[in-house]
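Listed features, source Swiss-Prot:
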ACT_SITE  Ser479  active site, proton acceptor
BINDING   Cys57, Cys130, Cys202  [2Fe-2S] cluster binding site
BINDING   Asp89, Asp131, Lys132, Glu453  Mg(2+) binding site
MOD_RES   Lys132  N6-carboxylysine
Amino acid sequence: MTEPTSRPDIKPRSRDVTDGLEKAAARGMLRAVGMGDEDFAKPQIGVGSSWNEITPCNLSLDRLAKAVKNGVHAAGGYPLEFGTISVSDGISMGHEGMHFSLVSREVIADSVETVMMAERLDGSVLLAGCDKSLPGMMMAAARLDLASVFLYAGSTMPGQVDGNDVTIIDAFEAVGACLAGKISRDEVDRIERAICPGEGACGGMYTANTMASIAEAIGMSLPGSAAPPAVDRRRDGFAHRSGEAVVNLLRQGITARQIMTRAAFENAITVAMALGGSTNAVLHLLAMAREADVDLTIDDFNRIGDKVPHLGDLKPFGKYVMNDVDKIGGIPVVMKALLDAGLMHGDALTVTGKTLAENLAELAPPELDDEVIRKLDRPIHKTGGLTILKGSLAPEGAVVKTAGFDDSVFTGTARVFDGERAAMDALEAGQIQPRDVVVIRYEGPKGGPGMREMLAITGAIKGAGLGKDVLLITDGRFSGGTTGLCVGHIAPEAVDGGPIAFVRDGDQITLDVANRLLEVEVVGPDAEAEWERRKVGWEPNPPKYTRGVLGKYAKIVQSAAHGAITG
């Protein structure tokens, strides 16, 4: 006779605060927040949210958290809501505030871990709406390795100007166009008033929507939950079912790392490549994999990207936004096509307790529409929308969003700036010319600190009509909404003595996308000796912050090639 299989403990940690004589004080505290005698036998579910009133990205999370809690109650659990921070990249762009964007990812992960560990919660539903809050939540889920479900707030609807869709990126580009005399200040004002018609994250395939798509592909979100807009009441249904799902995961004994496996990360990269997603996905997936104890490296992105075509005709480079993806069936449509082509791991487990293939079989999504998302035999590009570069200027790697490139090779003359502001001043003064390579350094994870996004300068370059004629390279990052010829995440960064620290005005820089190379060449005789002379007596710029969160961050953050992690 076989031994009966033991059932998973649905209260793997909350017994520490609910069971036994010694927990009288803890139970007393819990009674004060509404728990009764019968509730102490239920699993306690943390409902962690980055809701705030600062940015439209997160406005719907308060409503969705209520629906999650109803779902937890309906499934037999007890929800306990708590909050964490979120930084709006759109508001913090182009000034000192952007130093704090990437570090917010770590603060979010650390704060969720702190609450979940301290209060002995059994599982979590984690809700987020803005760029860094999505990976921050998923990093926390992987680190804790409890039953966990991620829920996205949803994206905003596009605004309208003269019958044309506009998003927040149009505002950044309008600034450059206005400075170049191409449009009036009144036209900028019209765009400004239209770009955010309501709640939700920025609508293109920028960082938030890329990471929401990744959350679905990696199996941490319910199938079909990434694409519906924030205002769509289907999101309340997904929220309710997410609350039910986490309790079901506890009953099955399924934890985050059983879902966030090597195969799941490869699925996530595949979907990001097919959509032409944000370069920030590279940083965030590397960081998430580290928390999940998955050996993912920057080179895996090229390996997978070689096999996956770029299919999404999506902003910032394409025509469409996430709402259009929703209209054609959402991310399951993309995953089904990729699965049928043998490009995804169908046996990867998901938060439904079923595999990715089982979920897609139940949903039976329609075929690709061949406009918003191209069919595989008619791709926009034959390989994925993100490429990792190496070479003399980036020995550890750099990232380029090839989804927007027409030509595979660009060679130009270096114009070197220590920080974004100096580059913006030069552009406004008309000092940036076609075939220049704008080099912005000391903006890396440690040297920035915080690896600021360069959307203000890239938007201004495009608005000035130089988007296809000027290459911008940096040890900082780019927004998911960045367009133009841009290479970021150059590693080693300048403050660590990477080659970018020794580039000078007049050097020739070549970007060769086809061969995945980023090279620097000193012009003139004795070029090699001149390069070595530049290193003599070199010292990095002094730290900009020595106290506070950025002072601590700069001391411990690792290379962008490893995800800019801090642990």
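Cβ atoms are placed via backbone N, Cα and C, with glycine included.
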Residues within 8 Å of the Asp89, Asp131, Lys132, Glu453 Cβ centre (excluding the Mg(2+) site residues themselves): Val87, Ser92, Ser101, Leu102, Cys130, Thr207, Asn280, Ser479, Gly480
Cβ-Cβ neighbours of Lys132 (Mg(2+) binding site) (radius 10 Å): 30
Local backbone state of Glu453 (Mg(2+) binding site), from DSSP in three classes: strand
Cβ packing number for Cys202 ([2Fe-2S] cluster binding site), 10 Å threshold: 31
Helix, strand or coil at Asp89 (Mg(2+) binding site) [DSSP, three-state]: helix
Additional residues around [2Fe-2S] cluster, ordered along the sequence, whose Cβ is within 8 Å of the centroid of Cys57, Cys130, Cys202: Thr55, Pro56, Asn58, Ser88, Asp89, Gly90, Gly129, Asp131, Ala153, Ser155, Gly200, Ala201, Ala208
Secondary-structure category, per DSSP, in which Cys57 ([2Fe-2S] cluster binding site) falls: helix
